[in-house]
Amino acid sequence: MIIISLVCSQYKNKVREMVENRAVNRNTYDQVMLPIYAPASFIPVRGQGSRVWDQQGNEYIDFAGGIAVLALGHCHPALVDVLKQQGEKLWHVSNIFTNEPALILAQKLIDATFAQKVFFANSGAEANEAAFKLARRHAITRHHTNKTKIIAFHQAFHGRTFFTVSVGGQQKYADGFGPKPADIIHVPFNDLNAVREVMDEHTCAVVLEPIQGEGGVTPATLEFLRGVRELCDHYQALLIFDEVQSGMGRTGKLYAYQHYGVQPDILTTAKALGGGFPISAMLTTEAIATAMEIGAHGTTYGGNPLACSVGCAALDIINTAEVLTGVEKRHDMIIQALEKMNQKYHIFDEVRGKGLLIGAVLKAEYQGKAGDILQQAAEQGVMLLSAGGGILRFTPSLIIPEDDIAEGMTRLDKAIARWLSE
Ligand SMILES: Cc1ncc(COP(=O)(O)O)c(C=O)c1O
């Protein structure tokens, strides 16, 4: 015991020394990390609510929310508390054993949705990977062996594993890695006729985001979702909703499908499910779940007690009238501020989205410039996202204080004014 606490305190001192000496900086990133991202020039070191501070003590208002992950902001006290408590109790047992937080979270997700069965994983991509495998297996075991076609959509994003990136509709992410998984077809989003043309008895699933996030913050139309549901029923194909970004209260309902009244057969959820702690889930019905059997799929960490206990706390807080109706109010505030900005600067063609998944589409002359605006915004103290080069994307905390929205918008206004003048 004495040795352990000695080692712990030595380690803590070493980490503190590194942090205090700022022994790592943005240049370190280029030296030690795989060159797949180009992170901002500053390094955040602390966050509270919707405010973040960097290594130099500069403060930012966070409209990015960790890409729709921090539904309850940074370091929400209830999540911190539950993580500390679980951290002193049980971290991991593997799926050779089950655990209480996983069972409780699964039951909560079932109670709140169409689902009767849950599979836990660690990221959106893994939940989607499981969904696509389940859809193929369901079709092969219940129907016929060549019922394997997956219909997906241009601009869709489903993750970066090879299967999910191949189902995603952005070639730039999928090309350059050799032969792709076969029998995946892409058609334009919101185009029911295009789906009808490629749909047949070989189709095992249609996969879509009810609101395309990465692809441009594009909500599905009601007619489109209803039509796709009918086609799936007709051809005995499964309808998969990827709600990794649109789920967990982001649109003002727990899941976006609940706005449309169109029910999927499989739904994937991640990001805000853990409020910043990595966890994802695939939800489905009892009947479809029986296509799987013991050993058919798995993951070491999926459903671990730490992630699930945080997930339980996040779900309990998010799935309340107070938080969900607050999303609408905050949506209106952001839209009004963006419209006001647009009256001054005329840089947006359209502001779209649902709840707190909002995209401001830059006019043709500013296409490709979103990254420059993001950089200018950071210089003025606002963290913001883009969707491609032509859309500014807002995915803040669902409980971002109204004062922070107002202050963040004032800073963004300044950033745009400065950017235009330069
Ligand atoms: C709709 C959607 N699906 C899947 C993913 C992949 O999630 P992850 O990065 O956690 O694998 C994302 C991530 O942005 C997403 O927006």
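Residue positions begin at 1 at the first shown residue.
Keep in mind that glycine also has a Cβ here, set from the backbone N, Cα and C atoms.
Per TrEMBL, the features are:
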- GLY124, ALA125, PHE157, ASP242, GLU243, VAL244, GLN245, THR300: pyridoxal 5'-phosphate binding site (BINDING)
- ARG160, THR299: N(2)-acetyl-L-ornithine binding site (BINDING)
- LYS271: N6-(pyridoxal phosphate)lysine (MOD_RES)
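A map of TrEMBL features onto the structure.
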residue : record                               : Cβ neighbours (10 Å)
GLY124  : pyridoxal 5'-phosphate binding site  : 26
ALA125  : pyridoxal 5'-phosphate binding site  : 23
PHE157  : pyridoxal 5'-phosphate binding site  : 26
ARG160  : N(2)-acetyl-L-ornithine binding site : 14
ASP242  : pyridoxal 5'-phosphate binding site  : 31
GLU243  : pyridoxal 5'-phosphate binding site  : 31
VAL244  : pyridoxal 5'-phosphate binding site  : 28
GLN245  : pyridoxal 5'-phosphate binding site  : 28
LYS271  : N6-(pyridoxal phosphate)lysine       : 28
THR299  : N(2)-acetyl-L-ornithine binding site : 18
Listed binding-site residues adjacent to ligand 1, that is, members of GLY124, GLU243, THR300 whose C-beta is under 6 A away: GLY124
Inter-residue Cα distance where the pair is ASP242 (pyridoxal 5'-phosphate binding site) and THR299 (N(2)-acetyl-L-ornithine binding site), in Å: 20
Chain-internal residues, separated by at least six, CB under 8 A from THR300 (pyridoxal 5'-phosphate binding site): SER94, ASN95
Distance from VAL244 (pyridoxal 5'-phosphate binding site) back to LYS271 (N6-(pyridoxal phosphate)lysine), taken between C-alpha atoms, in Å: 6
Cα-Cα distance linking ARG160 (N(2)-acetyl-L-ornithine binding site) and GLU243 (pyridoxal 5'-phosphate binding site), given in Å to the nearest integer: 16
DSSP state at GLY124 (pyridoxal 5'-phosphate binding site), helix/strand/coil: helix
